[in-house]
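Per TrEMBL, the features are as follows:
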BINDING   Glu81, Gly82, Thr83, Arg114, Gln128, Glu132, Arg259, Tyr263, Tyr264  L-histidine binding site
Amino acid sequence: MKFQKPKGTNDILPGTVEKWQYIETVAREVFKVYDFHEVRTPMFEHIEVITRAVGDTTDIVTKEMYDFYDKGDRHITLRPEGTAPLVRSYVEHKLFGPEFQNPYKAFYIGPMFRYERPQSGRMRQFHQIGVEVIGSKNPATDVEGILSALEFYRRLGVKHTKLVINSLGNHESRMTYRQALIDYLTPYEAELSEDSKRRLQSNPLRVLDSKDAKDKVIVENAPSILDYLDEESASFFEQVKTLLDTLEVEYVIDHRMVRGLDYYNHTVFELMSDSPGFNGAITTICAGGRYDGLVREFGGPDSHDAGFGYALGVERAIITMEAEGIEIPTKQTVDVYVVGLGESTSAETLKLVQMARTAGLVAERDFMNRKAKTQFKSADRLDAKWVIVVGETELETQIVKLKNMATGIEKEVPLTDIYTDFLAQLDN
Ligand code: ATP
Ligand code: MG
């Protein structure tokens, strides 16, 4: 039998993992200046945490969850997204108390699991970087969140991003709109795709999101949710737009943009990439919005029942960087390579690399009893800055060769000096 990774998963190997580390580092740097703090929730949750928040009729819940019963007969799901777990933890730990940051500004980085048809940028185990700001109804929260996502891509060097925003209004507005949309779509019911027919009853706003070509034509003339916003909702959206204008952030409004999770209301947004490297295909690289009501859904207090968040896909960030020709260095390099010649030198060689490592340098040696020439090749491949040579003669005399690879200058140094102050030996 051949062992293979499960479909839709990836082994992230050296040579690639550096890209991941780089992206995570940039994210952490951005979040630091925004005063967002990391939260790590479990990879799996009681399934109700997700169904409650995400909605029973969303694709995630109906088709995409990895769920199972554990040995204690608990219904568990691998987390498909990060917002519901984070809000669950917020309420569970009563982070709305006076001693906590308010609004609570959190971020997470980690794997999510969805049973999807795998393709480029669509995996079954994928990785999200996400932000959640809980407890504030201030539209500046929404804008600050959007700005942090833009800043993340800016620091990565990604240029072809487009910010698309919309408002889903408050609950009342959405209910009025929902009916108007049903009234509009019902005459076309027979022509809709099977998925959309189903959604027309259960979750009509999702029809607007259909990828089916015929559905798209029908939806073209659907009423706009923006015409159904009540005063409160319209005013909130105006404030978000004004703040974006004040900060000179470019955006477009797409009144047909809804999000795939039921908990969203008011502001929703997506960052799309129209990088030339995608050859005309437009990819969503980040998505989020406001979710007032979710905290209460989890049993939290009305006083803190507001939230705004987003998630971006790490796989898609990498694809986007590749599409834009942005290079991340992935080469493995060392400071010091110790060439040990002959088996009798192995202990001294190990002592030398350990000494260099203790001094804070990256050090490597040979473990395969390779010839001198091959070991020097390894040192070259690793771009070693210094090479130490220890053979049987050097062991005997207790004097080793130290070569500066940049200048080519080689000198002989007593082992005692090396072990007393190695860094000083490198300086001169
Ligand atoms: P899509 O419409 O592409 O299915 P979605 O609406 O399901 O996306 P969200 O749940 O909003 O996506 O997730 C936010 C981001 O996470 C997406 O913009 C994308 O970058 C990433 N993402 C979502 N699902 C996947 C997946 N299966 N594989 C890789 N990345 C994903
Ligand atoms: Mg999806």
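Keep in mind that glycine also has a Cβ here, set from the backbone N, Cα and C atoms.
Remember, TrEMBL labels are computer predictions, not curated facts.
Taking the features listed in TrEMBL, we show where each one sits on the structure.
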{"residue": "Glu81", "record": "L-histidine binding site", "contacts (Cβ under 8 Å, 6+ apart)": "Ile50, Val54, Ile60, Met112, Gln128, Leu261, Ala311"}
{"residue": "Thr83", "record": "L-histidine binding site", "contacts (Cβ under 8 Å, 6+ apart)": "Ala53, Gly130, Glu132, Leu261, Tyr263, Tyr291, Leu294, Gly307, Gly309, Ala311"}
{"residue": "Arg259", "record": "L-histidine binding site", "contacts (Cβ under 8 Å, 6+ apart)": "Leu168, Asp209, Val268, Ala287, Gly288, Gly289"}
{"residue": "Tyr264", "record": "L-histidine binding site", "contacts (Cβ under 8 Å, 6+ apart)": "Leu168, Val258, Gly289, Arg290, Tyr291"}
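Other Cβ atoms within 10 Å of the Cβ of Gln128 (L-histidine binding site) number 21 in total over all chains. Within the set of binding-site residues Thr83, Gln128, Tyr264, Gln128 have a CB atom less than 6 Å from some atom of ligand 1. Classification of Gln128 (L-histidine binding site) by DSSP places it within a strand. Residues Glu81, Gly82, Thr83, Arg114, Gln128, Glu132, Arg259, Tyr263, Tyr264, recorded as binding L-histidine, reach a greatest CA to CA spacing of 21 Å. Thr83 (L-histidine binding site) falls within a helical segment according to DSSP.
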